[in-house]
């Protein structure tokens with residue numbers, strides 16, 4: 001029996017990493033928001049790796065934080081180890097990564113949601129989406145018959161839609177980690193004309209700490225200097241736990257090869273597509289037959305648990321094969337399983353059905369975020385969640401949508417790739433996907449995005465004031481060192497020689513001196529005795545801006561060229577069949593994706609530079625005729 005329950009501005013379906021950011025963004029922007037989850041104990045849960053960040057992913061977390069999101073604050077409060085990756089390389093690829101206490105991460109996120117003004121949290125299963133006569137969303141129906149009216153919906157269902165767990169020849173309907181699957185909602189999406197596909201992902205076994213011989217492994221402690229994810233976090237000095245590096249052996253390869261016919265990945269049981277950059281251990285053995293061993297990282301899942309995550313050994317092999325295989329890994333000879341590894345297949349959508357706002361083209365007011373859109377990873381999900389939540393709120397308020405360009409943020413790259421190019425496999429963010437890596441660094445996320453977040457009403461006054469203080473400190477110090485001249489005195493020349501730097505021929509500003517490859521802002525402190533006391537993050541920003549000024553300037557010039565095409569908008573009512581000279585493939589792709597700008601159109605696979613020229617001529621002609 002159906003009954004009317006309540007009325008909301010925004011309803012978020014799912015409370016994983018995408019759902020949490022979407023719900024918080026909408027509520028913090030003043031919309032009455034309902035977050036639905038099938039299990040209140042699964043909020044912000046980490047069903048796979050127990051960490052946040054990593055290469056490129058750390059950039060995403062910083063960007064979420066700069067916009068006023070929660071992920072960075074949450075991991076800063078609950079991490080058990082912190083490391084900055086890629087420090088031997090340039091600042092563009094430095095990426096922060098933190099091990100999380102999984103239980104505490106989820107618990108704190110739930111607490112934040114429960115305390116959030118404008119946000120209601122309910123345990124219920126949504127089985128249907130209702131639309132009105134104009135094709136706009138108007139509500140959702142739950143399994144228990146409750147009807148909730150709404151203006152907008154954010155779908156963030158993760159791997160729950162028709163989830164199916166596979167372990168060898170055993171398979172059963174399930175969500176991740178034993179949670180219930182959502183088996184009814186997919187049909188509602190199909191009824192709305194939304195294209196559904198199947199992807200798969202997997203996770204390794206969890207093993208008992210007491211059965212692991214760490215003496216055979218290489219300890220990997222956290223960094224002594226802890227760098228926070230959130231620009232709001234301070235004083236994060238705390239005791240950290242270690243991770244451990246170990247390796248597979250010849251016997252690992254032998255066990256897998258002898259049982260490869262029992263692998264659902266290779267015997268045809270799994271037909272869906274998995275993540276390219278997170279292959280299972282059996283997939284790695286088959287794909288790299290000449291590699292003698294593979295790295296395995298042993299990672300704690302929390303401070304108060306014996307569960308260890310075996311990173312690098314994701315598998316869907318039968319349980320007996322998993323145990324035999326794991327016991328061939330160095331240090332795991334007597335390992336005991338606490339949870340078996342598995343693969344999980346799930347329904348998701350073709351992201352080409354989405355606008356850059358993450359709203360479905362076919363259904364007004366319906367937004368998609370996270371693994372539903374074909375991505376993989378907590379950080380990718382949260383990035384889409386905050387954008388979907390922002391745009392759902394802006395739609396309710398009747399305001400212009402919020403779209404991050406590729407030159408604004410990695411989040412912009414992620415979403416543009418999904419909605420413009422689509423993906424045939426779970427999409428993972430990487431620094432190599434961005435054309436503008438040097439200006440999209442993790443250290444300057446606040447300088448790029450916090451102003452935007454404040455204008456749309458998501459960034460708080462407290463955060464904004466802190467951002468202005470940091471920005472002012474950086475600008476003031478840059479100005480100071482530009483006006484601080486170092487003269488070629490004897491002691492200066494001797495000091496520079498001691499650093500392996502050539503002598504000065506004439507006076508030079510400290511700002512210019514920093515640009516020498518062998519020097520930096522920190523090394524030159526002895527030439528700058530009146531240097532003010534500054535936070536380390538401010539000093540690092542000053543160093544990067546000074547040292548890489550030429551490269552940054554060149555990239556900013558490229559961005560200006562890029563924006564010329566990005567700002568040439570294509571009318572929604574354009575008739576591509578009317579454009580003579582477009583190739584058939586280009587016509588079909590443009591009609592399907594319906595790009596919002598020439599820039600987006602130029603990135604569509606199958607649309608050539610010649611097609612773009614034809615399109616530009618057509619738009620210019622129509623502009624002159626004032627018909628569009």
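Numbering starts at 1 and runs along the chain as displayed.
Cβ from N, Cα, C; glycine included.
Annotation comment: Swiss-Prot describes 14, 15, 16, 17, 18, 19 as FAD binding site, evidence class sequence analysis. Listed in sequence order, 23, 35, 36, 37, 40, 42, 43, 44, 113, 121, 156 are the same-chain residues at least 6 apart in sequence whose CB falls under 8 Å from the CB of residue 15 (FAD binding site).
As annotated by Swiss-Prot, NAD(+) binding site applies to 274-288, with the evidence given as sequence analysis. The Cβ of residue 288 (NAD(+) binding site) has 12 other Cβ atoms within 10 Å, all protein chains considered.
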Listed in sequence order, residues not in 14, 15, 16, 17, 18, 19 with Cβ within 8 Å of the centre of the FAD site Cβ atoms: 12, 20, 21, 22, 37, 44, 156, 158, 369, 370, 381, 385
Neighbouring C-beta atoms (10 Å sphere around the C-beta of residue 19 (FAD binding site)): 30
Alpha-carbon spacing, residue 284 (NAD(+) binding site) to residue 19 (FAD binding site), which is rounded to whole Å: 32
Fewest other C-beta atoms within 10 angstroms, as judged across 14, 16, which are the binding-site residues: 16
Residue 16 (FAD binding site) to residue 274 (NAD(+) binding site) - Cα separation in whole Å: 20
C-beta crowding around residue 282 (NAD(+) binding site), within 10 angstroms: 27
Binding-site residues listed as 276, 284, least Cβ neighbours within 10 Å: 276
